[in-house]
Amino acid sequence: MAGIDRVGSLVLVVLALSAAPLAVVAGDPDILTDYIAPLGASPGNITGQFFTYTGLRAALAAPAPAPGASFTATKASMAEFPALNGQSVSYASLSFPVGSVNPTHTHPRASELLLVVDGALSVGFVDTAGKLFTQDLATGDMFVFPKGTVHWQCNKGTQPARALSAFGSAAAGTVSVPVTVFGTGIDDTVLAKSFKTDVATIQKLKAALTPPKP
């Protein structure tokens, strides 16, 4: 039990210490035209279809996720919707089965404005001074995550939840805290010294927090 408590405490330390170094921010460049046409396309041939995206229909119409399912995000960023290039906006549809979590992460190029459209969520972020902000949200509530801060959302309720997130970038980027720290091959000794623990504990954290390889 002591070993589990020790690992759990280190997870909290990882979150706190990761907040400042991960809070590296940037922004989309301004453009000098109304929009950016696809490479090789003639502006005269562009219609309203170019500015339309239907990729969120399935996500918004999907039945409620079953208990035990994982959190899912369906993005509408520049990669999926090329018309967003240069517009500094994007969206994501978020689905939270009961008990699921959108793990700690950052968006280095955008703040995030989350709207709960169904159910309830518990959310939070850590600013670069190390202060923790948390809030429980109900349907219709909004919450803003400042650009570059470590943040998360989770469903602690008894019903599935859905949310829409708007970003101030066409490509906000996502940096996962667990994967960045424990899943990118950083030397065990470096991590052990960084978090003032031993290699065995770091290896336990890596085993628990590194996603399985596809």
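Using N, Cα and C of the backbone, Cβ positions are placed for all residues, glycine too.
All annotation found in TrEMBL is predicted automatically rather than curated by experts.
Quick look at what TrEMBL lists:
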- ASN102, HIS107, GLU112: oxalate binding site (BINDING)
- HIS105, HIS107, GLU112, HIS151: Mn(2+) binding site (BINDING)
- 54-203: domain 'Cupin type-1' (DOMAIN)
- 1-26: signal peptide (SIGNAL)
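Sequence features annotated in TrEMBL and their locations in the structure.
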{"residue": "ASN102", "record": "oxalate binding site", "Cβ neighbours (10 Å)": "23"}
{"residue": "HIS105", "record": "Mn(2+) binding site", "Cβ neighbours (10 Å)": "20"}
{"residue": "HIS107", "record": "oxalate binding site", "Cβ neighbours (10 Å)": "24"}
{"residue": "GLU112", "record": "oxalate binding site", "Cβ neighbours (10 Å)": "23"}
{"residue": "HIS151", "record": "Mn(2+) binding site", "Cβ neighbours (10 Å)": "24"}
HIS105 (Mn(2+) binding site) to GLU112 (oxalate binding site) - Cα separation in whole Å: 12
For the domain 'Cupin type-1' (54-203), the number of residues DSSP places in helix, strand and coil: 26 helix, 55 strand, 69 coil
Model confidence over the domain 'Cupin type-1' (54-203), averaged pLDDT: 94
HIS151 (Mn(2+) binding site) and HIS107 (oxalate binding site), distance between Cα atoms, whole Å: 9
Rounded distance in angstrom between the Cα atoms of ASN102 (oxalate binding site) and HIS151 (Mn(2+) binding site): 9
